[in-house]
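Asker: Quick paste of what TrEMBL says about this protein:
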type: TRANSMEM; residues: 21-40; note: transmembrane segment
type: DOMAIN; residues: 22-627; note: domain 'Major facilitator superfamily (MFS) profile'
type: TRANSMEM; residues: 60-80; note: transmembrane segment
type: TRANSMEM; residues: 195-222; note: transmembrane segment
type: TRANSMEM; residues: 242-266; note: transmembrane segment
type: COILED; residues: 272-304; note: coiled coil
type: TRANSMEM; residues: 317-339; note: transmembrane segment
type: TRANSMEM; residues: 354-376; note: transmembrane segment
type: TRANSMEM; residues: 388-408; note: transmembrane segment
type: DOMAIN; residues: 433-488; note: domain 'Kazal-like'
type: TRANSMEM; residues: 512-536; note: transmembrane segment
type: TRANSMEM; residues: 557-579; note: transmembrane segment
type: TRANSMEM; residues: 599-623; note: transmembrane segment
């Protein structure tokens, strides 16, 4: 008897350690997948500039991840529970690594990056070609040489990034639905929220590392090591700057492959937590596996698919939850994907600084919110109905705070000839004829090339030539232009390379915006775990894997894919000046109308999030009137325990009374 108990205890410890090993492995998988995803989102601006493509096309590339995910999500979510879930997750991590490697390939297949400039031609200074000169034969203009135009086919290299993102999406598919269902199947119901909270914390650590990596890479020139960076006439704050986006993808590829290793050593199933020391359950588990395998061979693996789909589609709480998720994902996908661009255009930050600030101010509060939300669910044993109320009202509070961000604004960058006159008066519409004035009409300047300078009068100009500058001193980024006839100042008029700073008031507004963003992130993440519990507990236990997969499928189709595309189109509509390629074609946008950009970036998500509260209130009403299928798992256990205790008390009473009852009366009572 002692040996049996010892064997059972050893088995229980071994199973518990495997559950902890799975939790550690799935948390690392979440870190690796979110590391890759956050890095990709942070590099969208760099990819846009590298390949000279519009924001709408960048949005399509970003959404291609969801396309890859859709190719497998339903298959993996349903059939994954029938197969070896840990091995499927490990295989997915390897595929993600392959996708990240594919995205880095264009850097090794393309020539060096060349940015448009009136100052530099292929990295060599062209003396005098960038100044105001009546003889314009030296002025740099877009070439019409067919051989030069042929070289621009290299811009199609963005297809590698597209394909790589699709492959990464395919690899990411099994991690979330199979990982969550594995925890739900083999963890105690009261421990499940806490475990999922820890896993979701891994999904925050990953983006934090990804954003820090992206911030570092965005600050390093794309061709560093092969060009002399001292000759560059642009800085990381310039909209023509391209960081070393390819380097981070190589790191992501290696991390994903390493993360896959533990999953190939984990078992297909584990005993339910709390039942490891029950020999009968351990014995029956193997018998149940054999019966299940026999049942699969007899009836086929797809027998329950259509009934499960019908059951889920007829579940009003589940379908309304999907509707809420789709609406809110449309809002948050856009906000997260284009937040670096918003901080660049609105507050004048570089890509590196914008990515770093987004990570530092948003991710730690989200991480804390996930942990606190999971602990609250475990500590107070929150029911599904209570969780729904918590999620709804906290989201409403976050939504109301969100409107304060409309007040934290900065003025447009004053660029003469685009949104400002030569007298310093801002105007609303771009007028082509106003690019020239009496001070530069005879300079024969190029009008499409973006090579801005900042005058000592606080205004920016499209180029030193359009500022009427006649001489220059210094070299590279330290070049100073003098005798600028269009810059109206009391003393010597001069200009330096780059746009003018937005001033201290804009910096203060940025701090307010980041603090508000951090507060909103904490409140929203605090509501995330209760909300996710509503999703898991509003469906039957045997439908959970398919239910989670279908939920993910819908958010990918109706939010993940279209949202970046239509949002990118709207952003492109606010562009004030497009970059120019060698053959005169439009490249990436160089400067936006920040006021209109702000209304789109903040206003559209506000409208979407507001509409999501309508189905949310309907869910609260439905939960007051009905009993959820998922509640049977927890309440059913309590009901069984109550019945067992009742039977034990009844048997005790019978035993005590049997001391005085005769045999016939005892038989009748039993």
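Just so you know, glycine gets a Cβ as well, placed from its N, Cα and C.
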Asker: Tell me if the transmembrane segment (195-222) touches the transmembrane segment (242-266). I count contact as 3 or more CB pairs below 8 A, with pairs 6 or more residues apart.
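Answerer: Contact criterion met.
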Asker: Is the transmembrane segment (60-80) packed against any residues at least 6 beyond its ends, judged by a Cβ distance under 8 Å, and which are they?
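Answerer: For the transmembrane segment (60-80), the nonlocal Cβ contacts are 37, 40-41, 44, 47, 88, 99, 158, 161-162, 165-174, 177-178, 181, 301, 305, 308, 337, 545-546, 548-550, 552-553, 556-557, 560-565, 568.
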Asker: Between the transmembrane segment (599-623) and the stretches 195-222, 317-339, 354-376, 388-408, work out which stretch tops the count of Cβ pairs under 8 Å.
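Answerer: The stretch with the most contacts is 317-339.
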Asker: Mind pulling out the one from 21-40, 317-339, 354-376, 388-408, 512-536 with the most Cβ pairs under 8 angstroms to the transmembrane segment (557-579)?
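Answerer: Comparing 21-40, 317-339, 354-376, 388-408, 512-536 against the transmembrane segment (557-579), the winner is 317-339.
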Asker: Give the nonlocal contacts of the transmembrane segment (317-339) in its own chain as ranges (CB under 8 Å, at least six residues past its ends).
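Answerer: For the transmembrane segment (317-339), the list is 41, 44, 55, 59, 62, 354, 358, 534-535, 538-539, 547, 550-551, 554-555, 558-560, 562-564, 567, 571, 601, 604-606, 608-609, 611-612, 615-616, 618-619, 622-623, 626, 628.
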Asker: Which whole number is the mean pLDDT over the coiled coil (272-304)?
Answerer: 52
Asker: Report, as numbers and ranges, which residues of the same chain sit near the transmembrane segment (354-376): CB under 8 Å and 6 or more residues beyond its ends.
Answerer: 38, 42, 193-198, 200-201, 204-205, 207-208, 210-212, 214-215, 218, 339-341, 343-344, 382, 390, 510, 514-515, 517-519, 521-530
Asker: Looking only at residues six or more beyond either end of the transmembrane segment (512-536), which have a C-beta under 8 A from one in the stretch?
Answerer: 180, 184, 192-193, 196-197, 200, 317-318, 321, 347, 357, 361-370, 372-374, 376-377, 382, 384, 386-388, 390-392, 394-395, 397-398, 401-402, 404-405, 408, 544, 547-548, 551, 619, 630
Asker: When DSSP states are grouped into helix, strand and coil, how many residues of the domain 'Kazal-like' (433-488) land in each?
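Answerer: In the domain 'Kazal-like' (433-488), the DSSP-based counts are 6 helix, 11 strand, 39 coil.
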